[in-house]
Amino acid sequence: MNIANISIKRPVFISVIMIVLTILGFVSYKKLALNDMPNADLPYVSVVVTENGATPEEIESKITKKVEDSVQQISGVQNITSSVSSGMSQTVIEFDLSKDSKVAAQEVRDKISSARGQLPTDINDPVVSNFDMSATSIISIAVYGSSDNQEMADFVDNTLKTKLYTVSGVGAINVSGEDTREIHIKLDNNKLLQYGLTSSAVVNSIRNDNIDQSTGKVTDGDNEISITTTSKIQKVEDFKNILVSNKNGTEIRIRDIATVENGIEERKSQAYYQGNPSIGIDIVKQSGANTVEVAKDAKAALEQVKASLPKGMHADIVSDNSTSIKDTVDDVMNTIIEGCILAVVIVFLFLNEWESTLISASSLPISIITTFVCMKEMNFTLNTMSLMALSLAVGLLIDDSIVVIENIVRHLHMGKRPIEAARDATSEIGFAVIATTLAVIAVFLPLAMIEGIIGKFFIEFSLTIVFSMAVSLFVSFTLVPMMSSRMLNSERRESKTFIGKFFKGFNSKFDTLAEKYSHLLAYLLHKRLIVLAVCGVMFIASLALIPSLGFTMIPITDKGQITVSANFDSGITLDTASQETKQIEEIIKKNPEVQYLYSTVTNSKATVNITLVDKKQRKISSRDMAQKLGTDLKVLPGMEVTASAASMGGGGGGSSKDVTYDLVGSDRAKVQAFAEKMKAEIAKDPQASDVGVNTNSGTPEVKMTVDRDKAADLGVNSSDVASTLATLFNGSTVTKYDGGKDRYDVKVMLQDGERKNLNNLDGIYVSGSNNKLVPITDVTKKVVGTTSSTLHRYNKQAQVELSCNVKSLATGTFKDKYLAKIKSELPPGVSLSVGGSMGSMQKSMDSLVQNAVLSVLLLYLVMAAQFESFVDPIAIMFALPLAMIGAIIGLFAGGSQLSMIAMIGIIMLMGLVAKNGILLVDAAKERIKEGMPRNEALVQAGLVRLRPIVMTTLAMIFGMIPTAIATGAGTEMRKPMAQAVIGGLITSTILTLFVVPIVYTILDGLKRRFAKKIRRKKSTPIDSESNISI
């Protein structure tokens, strides 16, 4: 080949190219970001609207439904998911993946702006933002140790946050558990009645008395002078002097009817670290930033500010996602190095020459390092998917070099000079090597076109392998022949050492094995039907093992983190919820595998985030530990507790549990009832645990229904009723107080004791006709009931999520089992959603199957082009299913499930089987062209190609063994693919060596019969030994 000839003639030129590629590779590697998963620009947009004091039902009716109606009109909207809680509505709009995320966000902003007039006037401005899946917390910090929450809050706000924001790559810092200072004006209801005042009069007085605004301009000659009116309150005490009323010369000021004090915003949640009250800080990285670098710099910044911590206060890192990423990278790099070493040992075992081994081995680091250049240019990162591609590519990258170097050595042993041998051998095998490499590329390239969210992640996986294979092909046609022409010689040296004798004995035994193989192949060419029948039986038997494997979409990984969620009985206070959370923590602490606890508590729910000790220091997986905790915590009364291990895999869905089903319908009560029914059914299954729905029991509620007729008769406005109750019992922010560095909300409310007694509702008055005070009980009806704490919606319908954990690993099998049951029992008006995460997963799975078919088609076309025949490739295609036999056995032996990852390994096997088949058929066709009888040509081809086929297969197998047996971070994701490939290579290689030649003879016989018919029709003599291509 020309490129090989150039390389042989210009060794310095090729050496310079390799050196430059290596330098660029190292530079690119240093610049590659380290992240958990690939960067995926997903067109998800979030809309958050808040309204203080509003119930979930009010929010849903007045805000959420109107937001959904507005954004539904935008083109490309796929799904709309909403979550509604007290005072807040969050709507996430999922667009078609082809839509630009920034364009989608702008279109949503425009629609929300247009609909602003339909929304309540007292809401805070809607917040529209891109929903970035990668913008999650990379480090969580807990500040604790002080009994004064305000002291900790001051340190967090004025010192820690300021320092952390100087770190490059930090996108946001979210703080929870800190007290927010407010100025509280607490009204005495009896005093209000005594002076004939309403809360509205007090609110208006405060608003009108604390102003600072521009009121115009005056032109004085050539000067323009601004006029500003100000009556700003300078001290908190000054609020007491605000005049509220002056009746008959009697001044009534704030101090006469209320107390004024420095307070804190009513706490709705509490955070605890290791049982201590704390403030939590979550550091969120910018999209595309290097997680490991951002985390490293953030930790350095934290260490710097620790010196300024007040006495007794501590700041500890609760969780650090960068640690698992670094561990995964280190583990993959170790498996790559181990795989390279084992692959090189196999090469040396067969070639028994350090020079030829060194030449083939040199292709590995150069190919891997140069691949980093391609990754950097494509804006890829070092993540779970790209690293998995590199670890699996180790065996592939040395294949081309093995085939070329083995052929060069064979030509040397024929007595040729090194330069002649390198040129002739590379030319002889060139097109076959190109075809084998293109066969692998043809298999992996369609994987970059998988649809759905998962497809976005597989782009980096597939293209990384394609890049590395292309580089490997270039190296095998340039560096390998150049180095061979300079380093090898035709004289065979025999080592007298023990190792030399061992390798000589091994090769002698292999030559004997090759001879026996050729005799067996010659014999089996006359027993074709028996061989094919045996293969068919083995294939069917392997398929029978699939149900016992179980199925999951993505393998579940052990990230060393567990989340315990507790839903409390309705109506309890935050203090009570905190006490019950401490009971949960005490049970969890009894387990020695637990390292840290970080809890957040509301009056309805508690979340305990558990960090376990390192994976290597415990005997139990995080998944098994979660199941144990789930069982231990069920003894606690008054709460529903679930425990789930953090993982990239699982069943998908909005829950962190293994399996989720989204039930939707227009009637929420009907959906809820059916969900409860199926919850009871699933709970009976011994494989199910932590079965639950995402709706809490009702929160106690008193609904004050206004009687419109009575209110009209008494001159009472319904809005006055609502605003009065909101001010007195929830508190209304009426103005701001400028305290120097910060501005604080000023809130008006009832005294604490009056707000905590339900009977005090009867003593509230509102203004009626002629400013006469009217008891609120005269115009309202009190109804005691319950309200949901959280409402969920999907595509404008009520949604209830039914979820559970699965005690076995076969989450996919379990999900499918109850999926069919739920579908068969769905009542009218209730449907099972196939959108969201479940729909995206299924879409990706369907796309994988479609692209697998495309891979097979491309594979066939590559081989047809190589053989210049549309028939000959069928012999190799027939051998593709044989890889399934070993793949299933490999998964079974490794204790892994059939998953999307394992299926990609099986697709990968198609390329590897094709590589071996191409080498075999190509050699046979060359000999047939030279006039050798067909069967003899096949036997001779098998004899000549057996060594490179076995070498490349063993190099691939041993190169992947470290990945298949690894126990480090993230190995659960990589192991199934390696196990499937190793098992499939073993069986497919053995069977291919016999099945491909046998099927080739059958097809060749059919071609000859077809040719004879054509010859008779045309009466044209034809050479029976000629190679006819169809």
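Along the chain as shown, the residues are counted starting at 1.
Glycine residues also receive a Cβ, built from the backbone N, Cα and C atoms like all the rest.
Source: prediction; values computed, not measured.
Under the heading transmembrane segment, TrEMBL lists 12-29 (among others).
Taken from TrEMBL, the feature transmembrane segment applies to 387-409 (among others).
Under the heading transmembrane segment, TrEMBL lists 429-449 (among others).
Among the features that TrEMBL reports, transmembrane segment is placed at 461-483 (among others). Only residues 6 or more beyond the boundaries of the transmembrane segment (461-483), in the same chain, are considered here, and those with a CB under 8 A from a CB of the stretch are 1, 3-4, 7-8, 11, 14-15, 17-18, 21, 359-360, 362-363, 366-368, 370-371, 374-375, 378, 380, 385-386, 388-390, 392-393, 396-401, 403-405, 408, 422-423, 425-426, 430, 433-434, 437, 440-441, 444-448, 904.
Marked as transmembrane segment by TrEMBL: 529-554 (among others).
Look at TrEMBL and you will find 848-867 (among others) tagged as transmembrane segment.
When Cβ-Cβ distances below 8 Å are used as the criterion, the transmembrane segment (874-894) is approached by residues 535, 538-539, 542-543, 545-546, 548-549, 856, 859-860, 863, 902, 905-906, 909-910, 912-914, 917-918, 921, 964, 975-976, 979-988, 991-992, 995-997, 999-1000, 1003 of the same chain, each at least six residues removed from its ends. The feature transmembrane segment is assigned by TrEMBL to 874-894 (among others).
Annotated transmembrane segment per TrEMBL: 900-921 (among others), in sequence order.
The annotation transmembrane segment is assigned in TrEMBL to 942-965 (among others).
Annotated transmembrane segment per TrEMBL: 977-1003 (among others), in sequence order.
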Proximity of the transmembrane segment (848-867) to the transmembrane segment (529-554), 3+ C-beta pairs under 8 angstroms: no
Sequence-remote partners of the transmembrane segment (977-1003) [C-beta within less than 8 Å, at least six residues beyond its ends]: 388, 391-392, 517, 520-521, 524-525, 528, 531-532, 535, 538, 871-872, 874-876, 878-879, 882-891, 893-894, 896, 901-902, 904-906, 908-909, 912-913, 916-917, 920-921, 924, 934-935, 938-939, 941-942, 946, 949-950, 953, 956-957, 960-961, 963-964
